[in-house]
């Protein structure tokens with residue numbers, strides 16, 4: 001584990017001691033090397049868990065998420081290069097330092113064995129993200145977005161801390177590996193329902209559950225490109241990861257408590273998909289589509305069947321890469337026409353034909369076109385929920401239809417049509433941007449050929 005954490009820490013001297021003209025090249029190449037070092041994690045052992053030490057471990061759930069986190073850092077650095085050109089050197093270095101802090105916390109969160117350590121790291125990811133949003137965001141509303149983000153996350157996760165201390169006192173240990181083997185039935189306690197709610201609420205806010213999702217569109221719209229990418233691709237997955245870990249431990253109670261949440265998610269996923277059809281702001285549309293996809297993941301996790309767990313893990317990884325790519329594309333539009341309004345970006349296909357190809361691919365992966373891993377994840381979840389109740393097929397089928405509609409709406413609004421006359425002297429698409437898009441697309445295509453490596457614990 002240290003061979004991933006230590007090189008990540010050594011990125012700090014790379015930033016602060018590099019030659020000023022070489023910062024971007026050094027950072028990108030070094031972080032890409034670190035991401036390639038995580039590839040052996042795909043080769044999971046037979047008993048499904050690599051225990052590196054008493055503090056860190058990885059299994060077939062945490063290693064795909066860990067790889068996604070590490071893979072995203074070079075992509076964030078490549079995407080941020082243009083909008084930091086006018087910033088002073090000191091601020092560039094601070095921005096990159098924040099990204100590395102965030103990556104370090106995320107790596108340790110996904111591999112922590114002890115629940116209190118997991119909680120501390122889970123909360124500390126908030127600090128660099130908040131600084132990135134409130135310092136490098138585009139408009140003054142970023143402060144409001146930062147406040148929403150901070151208070152939703154903090155208030156949601158305070159009950160988790162109380163619940164963890166209570167469990168520590170009653171069981172004597174908060175180690176995942178010990179608690180999975182714990183035979184005592186938690187549902188015998190009078191407070192088991194409250195305990196379940198306290199444990200799960202933090203992750204429901206982070207996912208976010210429909211109704212607790214108001215911080216997400218605000219944070220996404222105001223964040224700079226790297227903030228949006230890491231928020232969509234990894235920070236939302238922290239919620240799913242925590243839920244997958246904790247629902248297994250709190251198991252008998254989950255069967256009773258899951259009903260209202262599953263209904264709310266099935267309803268919320270259709271509502272947020274419908275909101276997407278009415279959006280004019282491109283980043284806001286992608287943010288609401290994230291809420292809709294994550295609702296499907298919550299449904300899958302609460303179903304508690306092997307199939308739904310596999311679907312949830314596959315969907316989390318697929319959505320991480322897809323939404324990150326969509327935010328990059330939205331940012332490349334924003335850098336050229338300085339507006340997030342889709343109506344003003346129409347007709348860009350004539351100017352940037354290669355970008356239009358990336359838009360097409362990203363939209364198709366977002367609407368879960370057959371060969372892609374997105375469809376595999378969605379189908380697993382839909383089949384698991386169908387076996388839970390036949391009526392869910394109406395909701396999930398309707399959701400897939402609306403997802404296809406808003407993905408194609410987004411594509412046609414930004415690429416097709418007659419271009420507006422205020423668009424002039426548009427820069428061509430850079431090699432940097434094309435590389436960035438292909439580095440999002442490549443893992444998606446490769447996972448399509450071998451999806452079993454991201455199917456999680458129950459494969």
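Note that Cβ sites are derived from N, Cα and C of the backbone, with glycine treated the same way.
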Segment assigned the feature transmembrane segment in Swiss-Prot (from 126-146, 147-167): 147-167
Leading stretch by Cβ pairs under 8 Å, where the reference is the transmembrane segment (224-244) and the options are 20-42, 98-118, 147-167: 98-118
Distal contacts, the transmembrane segment (391-411) - CB-CB under 8 A, six or more residues away: 266-267, 269-270, 273-274, 276-277, 282, 285-286, 289, 292, 296, 342, 359-360, 363-364, 366-368, 378, 381-382, 385
Same-chain residues near the transmembrane segment (60-80), Cβ under 8 Å, at least 6 residues beyond its ends: 4, 8, 24, 27-28, 31-32, 34-35, 38-39, 41-42, 44, 48, 95-96, 99-100, 103, 106-107, 110-111, 224-226, 229-230, 233-234, 237, 241, 244-245, 313, 316-317, 320-321, 324, 328, 331, 432, 435-436, 439-440, 443, 453-457, 459
Distal contacts, the transmembrane segment (308-330) - CB-CB under 8 A, six or more residues away: 61, 64-65, 68, 72, 75, 79, 220, 225, 228-229, 232-234, 237, 240-241, 244, 282-283, 286, 289-290, 293-294, 296-297, 299-301, 340, 355, 358-359, 362, 365-366, 372-374, 376-385, 433, 436-437, 440-441, 443-444, 447, 451, 454-459
